[in-house]
Amino acid sequence: MSGLRALLGLGLPVAGSRLPRVRVQAGACRARPTWWGPQRLISGGRGDVEGMASSAVKYLSQEEAQAVDQELFNEYQFSVDQLMELAGLSCATAIAKVYPPTSLSRSPPTVLVICGPGNNGGDGLVCARHLKLFGYHPTIYYPKRPNKPLFTALVTQCQKMDIPFLDEMPSEPTLIDELYELVVDAIFGFSFKGEVREPFRSILSVLNGLTVPIASIDIPSGWDVERGNSGGIQPDLLISLTAPKKSAAQFTGRYHYLGGRFVPPALEKKYQLNLPPYPDTECVYRLQ
């Protein structure tokens with residue numbers, strides 16, 4: 001058992017009764033194109049704002065999302081690591097709003113961040129680093145690491161902050177439920193196409209059996225970017241980046257946030273994104 005705890009990067013008992021944690025509401029309403037306008041505080045919220053009426057945020061196709069990204073890189077000269085840092089910070093901020101450390105049973109709260117091989121995985125690494133600064137205890141599973149300086153640097157940053165990396169992911173959902181209070185899905189983003197291959201097919205199968213909440217970055221992994229996937233993982237929190245993708249219309253979880261407050265006004269106008277007005281200095285906006 002001690003060897004298993006060392007593998008998982010946690011000094012926590014596996015056996016025994018399950019600790020109380022945030023409940024996931026079943027039967028949440030299906031997401032719809034979000035309307036924003038005059039803002040009001042959400043009842044019972046923590047200072048979040050919600051749109052009341054006026055104009056719909058645009059949900060992007062895969063082609064549109066790729067075109068927006070390319071303009072950010074080429075026309076506006078944003079770098080990949082710059083956008084990754086802003087996106088990852090947005091994700092950690094949304095998570096802290098929905099699952100503040102004081103609402104979870106452990107101190108510090110334990111979070112498993114699962115990162116894929118592309119930019120979505122990079123967002124997850126940045127998110128994990130900021131979660132550590134926000135008072136959480138993140139652990140990272142990163143099975144397919146690209147041999148690129150950007151990703152190597154992100155890993156080093158996490159290691160220097162004493163964020164553990166798993167050599168193996170627990171193969172049983174019940175074990176993850178016992179050890180972690182939240183799972184961050186940073187496996188695949190909007191550029192993913194084709195069939196899910198190993199080891200990610202098995203990972204998604206395990207995630208499908210969890211009872212702890214899942215927070216998905218931009219796209220729930222395994223979903224078609226435009227059509228969604230009713231049989232895939234069903235996150236409790238979806239954090240759309242830049243603008244929601246069409247599959248977000250199939251999201252049935254409790255919380256949908258928009259993150260990535262970096263879109264130039266001219267680019268927003270060109271693609272008719274109709275983004276909501278972020279309040280004050282916030283880097284996230286609650287859509288649902």
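Each residue, glycine too, has its Cβ placed from N, Cα and C.
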K(+) site partner of Asp185, Ser221 according to Swiss-Prot, chosen from Asn120, Asn147, Asn274, is Asn120
Given that Swiss-Prot annotates Asn119, Asn120, Gly121, Gly122, Asp123, Gly189, Phe190, Ser191, Phe192, Lys193, Gly194, Glu195 as (6S)-NADPHX-binding, name the residue from Asp162, Asp218, Asp224 that shares the site. Asp218
Cβ-Cβ under 8 Å from Phe190 ((6S)-NADPHX binding site), same chain, 6 or more residues apart: which ones? Leu60, Gln62, Ala65, Gln66, Asp218, Ile219, Val225, Lys245
Beyond the listed site residues Asn120, Asp185, Ser221, identify every same-chain residue whose Cβ lies within 8 Å of the center of their Cβ atoms for the K(+) site. Ile114, Gly116, Gly121, Gly124, Ala186, Ile187, Phe188, Gly189, Ser216, Ile217, Asp218, Ile219, Pro220
Looking at the recorded positions listed here (Asn119, Asp123, Lys144, Phe192), whose Cα lies nearest to that of Asp185 (K(+) binding site)? Asp123
